[in-house]
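Features reported for this protein in Swiss-Prot:
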MOD_RES   LYS353  N6-(pyridoxal phosphate)lysine
MOD_RES   LYS353  N6-acetyllysine
MOD_RES   TYR356  3'-nitrotyrosine
MOD_RES   TYR366  3'-nitrotyrosine
MOD_RES   SER564  phosphoserine
TOPO_DOM  1-41  topological domain 'Lumenal'
TOPO_DOM  63-568  topological domain 'Cytoplasmic'
TRANSMEM  42-62  transmembrane segment
Amino acid sequence: MPSTDLLKLKDFEPYLEILEAYSTKAKNYVNGYCTKYEPWQLIAGSVLCTLLVVWVYELIFQPESLWSRFKNKLFRLIRKMPFIGRKIQQQLTKAKKDLVKNMPFLKLDKDYVKTLPAQGLSTAEVLERLKEYSSMDVFWQEGKASGAVYSGEPKLTELLVQAYGEFTWSNPLHPDIFPGLRKLEAEIVRMTCSLFNGGPDSCGCVTSGGTESILMACKAYRDLALEKGIKTPEIVAPESAHAAFDKAAHYFGMKIVRVAQKKNMEVDVRAMKRAISRNTAMLVCSAPQFPHGVIDPIPEVAKLAVKYKIPFHVDACLGGFLIVFMEKAGYPLEKPFDFRVKGVTSISADTHKYGYAPKGSSVVMYSNEKYRKYQFFVDADWQGGIYASPSIAGSRPGGIIAACWAALMHFGENGYVEATKQIIKTARFLKSELENIKNIFILGDPQLSVIALGSNDFDIYRLSNMMSAKGWNFNYLQFPRSIHFCITLVHTRKRVAIQFLKDIRESVTQIMKNPKAKTTGMGAIYGMAQATIDRKMVAEISSVFLDSLYSTDPVTQGNQMNGSPKPR
């Protein structure tokens with residue numbers, strides 16, 4: 001009795017005969033058509049067709065989308081048109097001048113030092129000069145600056161200065177010369193991994209800041225993806241994820257795929273799932289994200305990471321040293337965010353923010369050394385010997401590492417819990433009061449220290465301008481148009497929060513007398529930037545800001561940056 005498989009095969013025999021007949025007919029047609037061409041023509045045609053296919057493929061499949069490249073090309077052509085180009089250039093020049101006018105930090109009444117002094121200055125003279133420079137700063141001690149300075153407590157400052165002085169000349173590039181410094185750095189990493197519930201295999205590195213921590217994680221996953229055969233590794237990140245991920249994509253030849261947010265400003269997990277492709281090198285969430293202070297749904301995204309076997313980075317640069325103490329401070333978070341979540345493979349956390357270490361220190365952590373090894377750079381063939389570096393920099397300031405260690409040891413768990421309690425208490429108070437102020441609203445549901453404000457009744461940038469006139473400093477946000485304020489230990493001091501709310505209420509009341517009035521100053525510049533379709537023009541204008549940071553040209557005296565200048 002014939003088997004079932006043979007019976008099934010016989011059922012397809014008529015179809016196979018038809019297929020064979022058509023293939024023979026097609027073959028004969030092609031052979032007949034090609035008889036009028038010489039062999040060299042067929043070879044040349046094949047080569048040209050192959051080159052054309054490769055060219056079309058490379059044209060379409062690039063890190064920058066075809067639509068984006070088309071728009072950029074179109075805008076470049078428009079700017080070259082005689083009349084339109086001149087008009088655009090005039091507006092561009094005006095925007096640059098307006099930007100410079102609104103850079104108060106350029107308006108100093110002191111001459112710039114442009115050459116070395118012929119005779120070196122004494123210690124007293126150098127310190128006196130430095131006091132002159134520090135007197136130009138905003139008087140942030142009043143608590144009117146958003147973020148920027150996270151403690152500033154005099155006794156802590158004294159400790160950090162002494163710790164830095166102890167290791168001023170040390171460099172972790174030479175662990176054989178500075179073994180004590182190596183021990184300090186290793187202990188910083190281990191303490192931080194423990195705070196984020198890393199297991200015995202967890203590891204990390206100390207970096208110069210949040211951006212470098214993010215860059216290092218992206219570099220590690222880029223190299224891992226390349227090893228797997230992915231030619232253009234992709235970073236799948238929320239729209240709200242830090243711009244350092246764009247920087248990493250730019251530096252490392254990656255492509256960033258931005259994923260939409262929901263109305264509550266959390267990343268849309270379904271949209272993130274749709275964004276995953278065979279080129280995805282890493283997934284990203286924030287805890288919290290910088291613009292609105294909202295924590296992304298980390299456990300849900302972690303499930304995607306596990307399902308598709310993709311590394312998953314949690315960016316906790318801003319609030320890392322708050323979220324780990326929230327539960328003990330009496331403000332437990334609804335969802336886990338650290339290495340307890342299966343699928344989380346790396347975390348970045350800034351010690352120089354709510355860790356209260358001096359600027360220039362952060363930690364990037366990995367769940368396992370198998371990820372960290374891709375972060376390292378090793379050149380085994382250099383004439384100067386085998387060169388190995390854990391992060392971007394070669395030489396690094398040992399003083400910063402020592403001061404970071406000193407801050408961690410000085411605060412201890414109890415100190416951080418108490419600081420977190422004060423900050424979150426102040427933030428929750430401000431949040432509850434701001435929710436009751438008419439004509440403004442809070443974006444999302446911030447659980448930590450950042451509160452973003454918007455308005456449906458007036459240009460929210462006007463509120464920032466008006467608060468600036470009262471000495472306050474806000475951060476401008478875009479898409480959607482909004483502003484935010486970041487609460488630190490400085491803002492927990494007596495009456496700072498009360499004064500903040502008083503000035504907000506007064507400013508909103510004043511604005512609502514003429515809600516449609518034109519926005520001026522930096523608010524107008526940000527408004528213009530958000531409305532500009534050609535983003536290359538916005539980048540060109542922004543470069544003026546960067547150029548100005550290195551300007552040594554004298555500018556007429558004016559006010560300092562948003563905030564109260566120090567008394568002279």
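Every residue, even glycine, has its Cβ placed from backbone N, Cα and C.
Secondary structure from DSSP puts TYR356 (3'-nitrotyrosine) in coil. Taking the Cβ of TYR356 (3'-nitrotyrosine) as reference, residues of its chain lying under 8 Å away and at least six apart in sequence are, in sequence order, TYR150, SER151, LEU156, PHE321, ALA407, PHE411, ALA419, LEU489. For TYR366 (3'-nitrotyrosine), the same-chain residues that are 6 or more apart in sequence and have a Cβ closer than 8 Å to its Cβ are SER202, CYS203, GLY204, ALA220, THR345, SER346, ARG372, GLN375. For the transmembrane segment (42-62), the list of distant contacts is 34, 69, 232: same-chain residues at least six beyond its ends, Cβ to Cβ under 8 Å. Of all Cβ atoms in the shown protein chains, 27 besides its own fall within 10 Å of the Cβ of LYS353 (N6-(pyridoxal phosphate)lysine). Per-residue pLDDT, averaged over the topological domain 'Cytoplasmic' (63-568), rounds to 90.
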